[in-house]
Every structure is written in structure tokens, then in C-alpha cells.
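**Q** Structure provided below as C-alpha cells; questions to follow.
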């Protein structure tokens with residue numbers, strides 16, 4: 001974890017430029033709220049980073065469990081915020097309109113908490129088995145663990161195809177693991193355990209019991225939550241119809257034609273969208289810095 005740099009927050013300015021390029025009316029409500037919350041807490045942090053980051057020593061040994069809630073929504077500096085939130089923008093648009101806003105909000109809240117818990121477990125295991133007490137003290141902050149979990153979901157719902165990572169085509173189903181290794185080696189200071197925790201939480205949802213557990217809990221407390229499969233499109237006038245998706249293998253009716261998101265995605269994949277956005281924003285940072293940022297997608 002690094003301290004925030006002072007001066008002009010170039011990353012924050014570029015993040016706003018990307019948000020307005022997409023168009024606020026084109027961003028679903030939960031995704032927009034997540035972006036707003038992270039930006040607000042970057043500008044007005046509830047606590048200093050040292051008191052917000054998550055570690056085994058601080059959370060478990062000193063019983064400071066509020067860090068589980070604080071760490072995902074605080075960022076080390078403006079570039080940390082920029083790369084995470086640009087990634088969140090594309091993932092959020094894709095997943096929220098597929099899953100529905102209520103369920104997506106449920107996922108964001110659950111993943112934010114679980115990635116922290118899994119991170120602590122991983123750090124504890126590494127400290128014990130590798131006999132390295134520093135793992136207990138390593139303190140992590142940022143939304144990237146949640147983003148790795150969302151990446152697993154996105155690849156689960158959109159299987160097939162390839163992504164370009166460090167110049168190599170990688171099948172979508174392996175992209176998270178390739179990005180995990182690439183970020184670890186090419187981005188000093190990144191949290192390997194935090195990103196790995198995100199992948200494991202995503203797999204718990206797509207391949208394990210987490211999704212069923214969430215559905216059970218949602219049914220206990222409310223009957224109004226949109227379960228995954230019921231899909232909505234969002235525009236400036238609200239929800240506007242269903243996508244061609246049948247959660248129970250039965251065709252449904254349509255209220256309106258689905259909104260065409262290619263208007264602002266230009267038909268590009270998430271990686272291609274992010275690639276284009278970063279090229280437009282970081283043209284002055286040099287080709288050497290761009291080569292790995294383009295491949296990694298977020299910090």
C-alpha cells in the first residue's frame with residue numbers, strides 16, 4: 001500500500017472524463033452509485049489509509065473488524081482509483097443490466113465483504129505455512145479484489161473468446177489467472193492475495209454454493225429482490241424492457257426493444273473498451289508504461 005500523492009489528481013480528472021464520455025444516463029444506478037461512493041471517499045476519506053487498510057494483524061489480532069467495510073472503498077492514490085473505477089464502469093454496465101440492479105447491489109455488498117474475509121484467511125495461511133510473519137502485517141486497500149470477482153462472473157456469463165494479456169491471446173476462462181500473475185510481476189505494490197481472494201470469491205459464486213446461499217438469504221428477508229436471470233435495461237427514463245434471456249428455459253414477453261449499448265461501446269469487448277479509453281487518456285505517459293497497463297486493465 002502506498003500513500004496518496006499530493007497535487008493535481010490527474011487520474012481523478014481522467015476518470016470523470018471517461019464517465020461523461022459514456023454518459024451518466026447510460027450507467028445503471030448501482031454501478032453509478034458504486035463509482036460515486038468510491039470517488040467521494042477518495043476525496044473525503046472516513047479514516048486515513050493506514051486506519052482503513054486490511055491486515056491479519058489489524059483485523060484479527062486487534063479486533064478492528066470495521067476495516068472489512070472500509071478497505072474496499074478507499075484507494076491509495078488517484079491512479080489507483082482511476083484504473084479500478086474504469087474497470088468497474090465496464091463490468092458494472094455489463095453485469096448490472098444482465099442481473100438486475102437489486103441483485104447486482106447484493107453481489108457488490110457480498111463480494112466486498114467476502115473478498116476481505118478470504119484475503120485475511122489467505123494471508124494467515126501464507127504466514128503459517130511459509131513461516132513469514134510479514135504476511136500478517138501486509139495491509140491492503142482498494143476495490144480490485146471485488147473487480148477480480150466480477151471478472152470471474154463476467155467470463156462465466158460470456159464464455160468463449162480471447163483477451164490479450166502482455167501480447168498473448170488468453171482464453172476468457174483463464175484470463176483472471178493470467179491477469180493475476182501478470183499484475184503480480186509487473187505492478188509493484190499490488191496485492192497478490194487480495195486479487196486471488198477476488199478470484200476465489202467469484203468461483204464460489206459461479207462454481208460453488210455462494211449463489212444458492214445468497215438466494216436463500218434473499219428469500220428469507222425479502223421477496224422483492226430480482227434473482228439473476230431477470231434482466232433489465234436502464235436509460236434516463238428508467239427500466240425499459242427485458243433482454244432475450246429465459247431464466248427457466250421459457251420464453252417471456254417483451255415490453256420494448258432492448259437498449260442498444262453499442263452506441264457507446266462501439267461493439268467492443270470490455271478489454272477493447274478499456275484499451276481504447278486508456279489510449280485516449282494516457283497518450284502522454286509513454287509507450288513503455290502503456291504496454292503493461294493495457295494488458296492488465298486495472299490496478
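Just so you know, glycine gets a Cβ as well, placed from its N, Cα and C.
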**Q** Among 12-42, 43-73, indicate the range for which TrEMBL gives the feature transmembrane segment.
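**A** Within the set 12-42, 43-73, TrEMBL attaches transmembrane segment to 12-42.
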**Q** With TrEMBL as the source, which of 177-205, 206-234 is set down as transmembrane segment?
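**A** TrEMBL lists transmembrane segment for residues 177-205.
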**Q** Mean pLDDT for the domain 'Peptidase S54 rhomboid' (63-206), as a whole number?
**A** 92
**Q** What are the DSSP helix, strand and coil residue counts for the domain 'Peptidase S54 rhomboid' (63-206)?
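**A** Counts, helix then strand then coil: 106 helix, 9 strand, 29 coil.
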